[in-house]
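The structure appears right after this line, and notes come after that.
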């Protein structure tokens, strides 16, 4: 890495250079990050500890919540700390590590959301074969496949970026290290690399989005033949997932399937998939799901009961 670049550190310009705005953002994003960690951790603990939540849907939800905690932790703590300092620097190695983490966990989340859509398709459209098709072993393989897919995608993005020479300037118009801002700082022609980066990210985003759309089109068509009660239950579980998909895929697709031309707009959009969506996921899945709410109440009452027994 060091041979290809004379730059040892980068300066992150962050979301705003206004001191007053930065103080407001510090309080706001610290609050958001606490909700992300506590909310998603609560879902993980609830799913693991509840015997009722042992279906594949909750198995995947547990991993989605775990990925959300890790994903937001790659960017949010650094961004929050930078609101309080004037010198928002990050080392070259730290920058590349952040780039790898963002794409690794972000792509893993995309694959898990796609797997969750496939799970809903089987549960609603092929209920008689569901238990034989979605065994615990198959679910485990799908999760492992999501992690491996995210890793391979991230390795490509990271290796392409680390091969570029950086000789100054070193100011990144963003709050974390990402591919497009770094391509603009490289002191060489990055057109070919930019095409590969967009093709890599775009192919994954669009193919997964196509699978998601087709899954829900088939699900909605199949719901016509079901009872009103079955239709309501199916739409309730699918509605939560569709909401999360729109919140996550919309901004991601906007950022990564086109060459970046406006970094100020990009970093504002990036807040949605790095902070807002991971924060809203626990609320979306719990507020619309009676089973999760019931399991949480039982977990809480059991915890309070054991403390009172002491």
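Glycine is treated like the rest: Cβ placed from N, Cα and C.
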Looking at 119-137, 138-156, which one is transmembrane segment according to TrEMBL?
-> 138-156
With an 8 Å cut-off on Cβ pairs and a sequence gap of 6 or more, do the transmembrane segment (269-287) and the transmembrane segment (191-223) reach 3 or more such pairs?
-> no
Which range out of 20-45, 96-118, 191-223, 235-257 gives the transmembrane segment (57-76) the most CB pairs under 8 Å?
-> 96-118
Tertiary contacts of the transmembrane segment (191-223), defined by C-beta under 8 angstroms and 6+ residue spacing from its ends, are 107, 110-111, 113-114, 117-118, 120-121, 124-125, 149, 153, 156-157, 160-161, 163-164, 179-180, 183, 230-231, 234-235, 238, 242, 245, 249, 252-253, 256-259
For the transmembrane segment (20-45), could you work out the same-chain residues 6 or more beyond its ends whose Cβ comes under 8 Å from its Cβ atoms?
-> 14, 61-62, 65-66, 68-69, 72-73, 76-77, 79-80, 83-84, 275-276, 278-279, 281-283, 285-286, 292, 296, 299
